[in-house]
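S.K.: Encoded as structure tokens, here's the structure I'll be asking about.
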Amino acid sequence: EVYFKNLSKQKQKEVMEKNVNNHKLRVCVATCNRADYSKLAPIMFGIKAEPQFFELDVVVLGSHLIDDYGNTYRMIEQDDFDIHTRLHTIVRGEDEAAMVESVGLALVKLPDVLNRLKPDIMIVHGDRFDALALATSAALMNIRILHIEGGEVSGTIDDSIRHAITKLAHYHVCCTRSAEQHLIAMCEDHDRILLAGCPSYDKLLSAKNKDYMSIIRMWLGEDVKTRDYIVALQHPVTTDIKHSLKMFELTLDALISFNKRTLILFPNVDAGSKEMVRVMRKKGIEHHPNFRAVKHVPFDQFIQLVAHAGCMIGNSSCGVREVGAFGTPVINLGTRQTGRETGENVLHVRDADTQDKILHALQLQFGKQYPCSKIYGDGNAVPRILKFLKSINLKEPLQKKFCFPPVKDNISQDIDHILETQSALAVDLGGTNLRVAIVSMKGEIVKKYTQLNPKTYEDRLELILKMCVEAASEAVNVNCRILGVGISTGGRVNPREGIVLHSTKLIQEWSSVDLRTPISDALHLPVWVDNDGNCAALAERKFGHGKGIENFVTLITGTGIGGGIIHQHELIHGSSFCAAELGHIVVSLDGPECLCGSQGCIEAYASGIALQREAKKLHDEDLLLVEGMSMKKEEVVSAAHLIQAAKLGNSKADSILRTAGTALGLGVVNILHTMNPSLVILSGVLASHYVNAVKDVINQQALSSVKTVDVVVSNLADPALLGAASLVLDYTTRRIY
């Protein structure tokens, strides 16, 4: 609430928002249960914090008002919201008929409330039968409806209810790109759809810093440690109650056998919940020493409990949605969440004939830690929703319009939109500079940040985190949705684990360094790490000359010599992640010493360091400078001076460059004879100086069958950053169950 009050003050000062209506927007938020309140509360706080734009009315109904389900309306009062109306709408019985009667009772009671409140817009969340009654009443009474979390796919009757509410709603706030696509496919007006993310993520992504041990002890006991307990939450599947009861019984048997402290929450009010409670009591769960059975846990505390659990098990949407923000392992049981987008932390058990399958899943998942996932939000949903609410023009016709153009046209338009907004954070860790950039799906560098690379490990990691956080915050302002972080660094890298095994001498204190974990934990984003040469090859494959080419090799000619190999469209890493160390191909047994300790490597001849070494020798002998060249006393001799001297007619400098080009050309010939690529791409600052020499050596030394290979200079302005972005843009996948 404090955050939104500060945000409100800032907006008032800047006067950046303009209300399209002449009066405050009267917003009615109706909440039916503990689950939907966790999504609606952040929006309610945001509305309350901007009284100059909104008037808030809160209506409470459904299981909020039932003692057996924790009387959860109290948490709304504790959050300091005035409840305008309480409606007792649940008909007890917990079977199919009771659900129908509950909808009917709500439809009888709601018209009087809405007549008194006369809201401009009603906010309805999700897919519960109570929400269907709310949407039906509002639609028939000509009240605009804003539906939260439409377009998603799951199991049970909830799917049908969610889509029915979508057809009644005038405006839609969805959490994922797939949900947005589903809404468009359902003929909803694209202009009335906001891809905002899940509002609960605004709270989730800042939740881990709080004092959590006292909360864990309060609910599970003094002797419980983090990552050493289970949170269980399972609801009935209304379309197959008998099977869901069997699954629940097997789950309890598996949890008893697994013998870990478990916090188990009572199921919701759906048909079948009464039978599930009977199963719990039959198994003695409420009195079992390993179990703590509770009706309700406040959302703030529930966040801490799942964030530090060893595992969560059940079929709640919370498991496949919110828990991914913490990387906590989840076991999703049965069909209730079929179709949901999930992160890699979720293991699905579709069916179970015995407890053994569930027990095995517990053994696989318990105690693991996965990368944090942002599939359902980036922590900025509420500001987007408030801005969307302010843009609603009450003078527009109330009647909904459905869009029925050919689906093909809609997809084409929306793909362009995706290409413009989906982006990656790219990090280039060089010997001198540390660079971070926001890179779009099209390869456009939207924004770039550069700092000198610190010398120590601690300072370097701290600066990476600081720059990434700054870039991620700026991404919201430039309308970019960050999918993940890609890091390009020198040295040998294990990309599977995100660990720098051995670095180059240019980057000190950078061996056996886990880059993935601290950055993923700080940003709640997936992180990929790879060698800079491999990244350059990936950049060419996605954005450069290598696009659509099955087999090609990229050679980086810069301070050192590196590269990457694409074979059958895939990057080659090798058995010990040492593939494509192309700079250390030996082209002479008695050549100059290389930084790797060997002699006669390509890098010892053709790298920037090698050219600088030869330039210094000439300069020390007064053989470098020729007419048209000058150097200041304090100026450091570099490879650029050698190249300039050669261009101005210095025969010795020219001979050194020709030798370097020949060495590089011999290395390329070896690559051609080994890999037989159809394309060789020279990248880096020295590429244009070497390309002709490399072609000449190929014509003179290569087998006739490979002489036809194309050798080109890269046209990419920043292959390191684009390659780091490619790690994310090519490999960010969302597993759909």
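The backbone N, Cα and C atoms fix where each Cβ goes, glycine too.
Grabbed the feature section from TrEMBL, which reads as follows:
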DOMAIN    53-390  domain 'UDP-N-acetylglucosamine 2-epimerase'
BINDING   Arg492, Thr504, Asp532, Glu581, His584, Glu603  N-acyl-D-mannosamine binding site
ACT_SITE  Asp532  active site
BINDING   His584, Cys594, Cys596, Cys601  Zn(2+) binding site
S.K.: Counting other Cβ atoms within 10 Å of each Cβ, which of the binding-site residues Asp532, Glu581 scores lowest?
M.R.: Glu581
S.K.: Quick check: of the binding-site residues listed here (Cys594, Cys596, Cys601), which one has the Cα closest to that of His584 (N-acyl-D-mannosamine binding site)?
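M.R.: For His584 (N-acyl-D-mannosamine binding site), the spatially nearest of the binding-site residues is Cys601.
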S.K.: Least buried of the binding-site residues Cys594, Cys596, going by other Cβ atoms within 10 Å?
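M.R.: Comparing Cβ neighbour counts within 10 Å for the binding-site residues Cys594, Cys596 gives Cys596.
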S.K.: Taking only same-chain residues 6+ apart in sequence, whose CB is under 8 Å from that of Glu603 (N-acyl-D-mannosamine binding site), what do you get?
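M.R.: Those within reach of Glu603 (N-acyl-D-mannosamine binding site), by Cβ under 8 Å and sequence separation of 6 or more, are Gly560, Ile561, Gly583, His584, Cys594, Leu595, Cys596, Ile609, Ala610.
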S.K.: Around the Zn(2+) site formed by His584, Cys594, Cys596, Cys601, which additional residues qualify by having Cβ within 8 Å of the site's Cβ center?
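M.R.: Once His584, Cys594, Cys596, Cys601 are set aside, the remaining close residues are Gly583, Val586, Leu595, Gly597, Ser598, Ile602, Glu603, Ala604.
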S.K.: Give me the CA-CA distance between Glu581 (N-acyl-D-mannosamine binding site) and Cys601 (Zn(2+) binding site), in Å, as a whole number.
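M.R.: Taking the Cα atoms only, Glu581 (N-acyl-D-mannosamine binding site) lies 11 Å from Cys601 (Zn(2+) binding site).
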S.K.: C-alpha of Arg492 (N-acyl-D-mannosamine binding site) to C-alpha of Cys601 (Zn(2+) binding site): distance in Å?
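M.R.: Cα of Arg492 (N-acyl-D-mannosamine binding site) to Cα of Cys601 (Zn(2+) binding site) measures 17 Å after rounding.
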S.K.: Compute the C-alpha separation of Cys601 (Zn(2+) binding site) from Asp532 (N-acyl-D-mannosamine binding site), stating it in Å without decimals.
M.R.: 19
